[in-house]
Amino acid sequence: MKISLSLQQDFRSPELELKRAQLKKIIETTLRHVGYKEDCEIGIACVDLEESHQLNLQYREKDKPTNVLSFPSDIPEEVLPMLDALPLGDLVICIPVVLQEALEQKKTAQNHFAHLLVHGVLHLLGYDHETSDEDAEEMEGLEIEILAKLNIANPYQE
């Protein structure tokens, strides 16, 4: 499986260093865990509070910034055979929210970012935690298993 990663860092923080190789490892671990084997493309944009707030309001009608937004690709079926790699979609991650949540939850910024990246990739693959309790449990279970493979503790454990 080949992963093409587009990383746009509109907001950077010395508290959270993002390395392309590490991001690809997290994405690949997530994809392999759920049985995904195709070459793919994923975009990640790291943004500030204002942009996250605006996008969250525009696309989810929630009037506040959020940690991660997922925008699955909407490629017509007839176009897919013409592509070398499947565009899975884009993730927008708000770095200030990640840093604040990590602090509040007593986690490292790196580990919390990894969790949100796993969470976002699962959304790009069609997983959803807002449709039912069963779906939420399934998604959380997958996140815990994937993060364990990356030597990251269960993010839902107090």
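Placement of Cβ uses the backbone N, Cα and C atoms for every residue, glycine included.
Quick look at what Swiss-Prot annotates:
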- His119, His123, His129: Zn(2+) binding site (BINDING)
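Recorded features from Swiss-Prot, shown on the structure.
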| residue | record | Cβ within 10 Å |
| --- | --- | --- |
| His119 | Zn(2+) binding site | 24 |
| His123 | Zn(2+) binding site | 21 |
| His129 | Zn(2+) binding site | 16 |
